[in-house]
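Step one of this worksheet: look at the structure below.
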Amino acid sequence: MNSIVRKSARLGYLAWSSGRRALATGLTSQSLPDLRYDYGALEPVISGDIMEIHHSKHHATYVANYNKAAEGLLDALEKGDVEKVTSAQSAIKFNGGGHLNHSIFWQNLAPISRGGGEVPTDGALLEKINAEFVTVDNMISRFNTMTAGVQGSGWGWLAYDSAKDSLVLTTCPNQDPLASTGLVPLLGIDVWEHAYYLQYKNARPSYLKEIWKVVNWADVAARYKAASA
């Protein structure tokens with residue numbers, strides 16, 4: 001092997017090694033976030049049993065599986081195992097998305113006694129909603145119709161499109177993170193059955209109608225302010 005070939009191979013290895021180290025740095029271990037309220041604090045809209053199972057079991061599982069997949073990815077990269085790299089990336093997207101989505105969801109909710117369901121009477125978010133949807137009620141109606149129609153499991157979102165300076169209503173399947181579409185999440189509603197089935201059975205529209213009574217509009221407004229600044 002001549003010196004040019006050896007140098008090229010060395011540079012290639014250094015580039016790969018550097019990229020792997022950067023990836024390793026980015027894949028930090030995640031942990032289950034604490035809730036800002038007790039499991040029963042959203043009753044009667046969402047039962048304490050649902051909240052406990054949803055947070056301590058489902059969300060916790062996404063976190064654990066993400067951490068496991070992240071470790072597996074780094075190991076697969078070390079070994080140059082393309083099949084395991086691909087599998088780990090899929091698991092990271094699903095479980096990482098579940099972790100991101102739920103972390104937003106918990107903050108998007110608040111007990112009625114702490115402002116849950118209180119629609120803003122002024123401010124930039126209200127002005128934007130009224131400008132694009134005429135009224136908050138009209139936006140909610142469109143959101144619920146759209147989200148009730150999600151096939152299987154997924155999420156409904158009120159998002160901000162920074163490129164167009166506009167609000168967007170959209171859905172994502174499974175645990176796909178909204179940020180992967182280029183939109184900024186403002187309000188997400190989980191319509192996986194584990195989010196409502198124990199209380200609302202198969203009546204997803206009833207769950208969607210009731211959950212607005214505990215929406216934390218202050219959090220949604222803060223997200224819009226940050227996204228549109």
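In case you wondered, yes, glycine gets a Cβ from its N, Cα and C as well.
Annotated features in TrEMBL:
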DOMAIN    31-110  domain 'Manganese/iron superoxide dismutase N-terminal'
BINDING   His54, His102, Asp190, His194  Mn(2+) binding site
DOMAIN    122-223  domain 'Manganese/iron superoxide dismutase C-terminal'
Legend entry - binding-site residues listed as His54, His102, His194, least Cβ neighbours within 10 Å: His194
Inset, instruction - Provide the number of Cβ atoms within 10 Å of the Cβ of Asp190 (Mn(2+) binding site), excluding the reference atom itself. - result: 25
Legend entry - Mn(2+) site, defined by His54, His102, Asp190, His194: further same-chain residues with Cβ within 8 Å of the Cβ centre: His55, His58, His59, Phe105, Trp192, Ala195
Legend entry - Average pLDDT across the domain 'Manganese/iron superoxide dismutase C-terminal' (122-223), rounded to a whole number: 98
Legend entry - Composition by DSSP (helix, strand, coil) of residues within the domain 'Manganese/iron superoxide dismutase N-terminal' (31-110): 62 helix, 1 strand, 17 coil
